[in-house]
Amino acid sequence: MDKILSGKTVAIDIKGQIKSYTEELKASGKSLKISSILVGDDGGSVYYQNFQEKLANNLGIDFEKIKLDESISEENLKLKIEELNKDDSVNGIMLLLPLPKHIDERVVTNLIDADKDLDCLSEVSVGRFYKGEKCFMPCTPNSVITLLKAYNIEIEGKEVVIIGRSNIVGKPLFQMFLNENATVTVCHSKTKNLKEVCKRADILVVAIGRANFIDSSYVREGAVVIDVGTSEVNGKITGDVNFDDVYEKASLITPVPGGVGSLTTTLLLKNVCKELD
């Protein structure tokens, strides 16, 4: 039995939906445009922005790559965001993080128009999300839910344990599982008896950024294991879960790479295709 939950496979289907949608738009004389802002030259952010651009172009979405010098003032960055907010040709705005230390990330992200905030970064966007109002979904948590649903894994009534409480993954994912009527426990560095808590999980999600931290002793027989973590070990990308050790015990498991991460950028681009929600 194949136990692999492949984000790559699910992404192929979603890319097809996006491509069909943008082709229909262009046939009617319309188009979609995303503006992506990079401040400085962080290697990871440069790579990610280039990857975003390539995927967007392949899917028929216009992509504006904005590179700003690391020394740019906070005021000038704010002016650039306000300019994009007012530009009706721009359907979505992405601001790559982290920002240089002299720029207040909270102030700047809060300037992004919530109707264009593809990454759900601003406090208005986050407020809409937690109140259940219409907004762009946080992409990594959305990737987890999308992957489970694509494989027809029942969520309602299930016991879900999330290890990690970050604002980017753990907390919004907690809310999304609640919305699916799961019973959810969030674990963190102060959680006592972590193994015992994890062993209760029908669905175990790990998002802590510690390579190979979770082994089979944390997993109940037949659990679904979702690995959100990515770390570099000896030049290779590795997840938070010791894949080889956990594989036999899990009923289904995501690989790293090839799992959740394979979906995130695709879903980010899908965010701008509002009619596909």
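Cβ atoms are placed via backbone N, Cα and C, with glycine included.
What Swiss-Prot lists as NADP(+) binding site is Gly164, Arg165, Ser166, Ser189, Thr230.
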In three-state DSSP terms, the structure that Ser166 (NADP(+) binding site) belongs to: coil
Pairwise Cα distance maximum in Å, NADP(+)-binding residues per record: Gly164, Arg165, Ser166, Ser189, Thr230: 18
Which of Ser166, Ser189, Thr230, the listed binding-site residues, has fewest other Cβ atoms within 10 Å: Ser189
Residue, out of the binding-site residues Gly164, Arg165, whose Cβ gathers the largest set of other Cβ atoms within 10 Å: Gly164
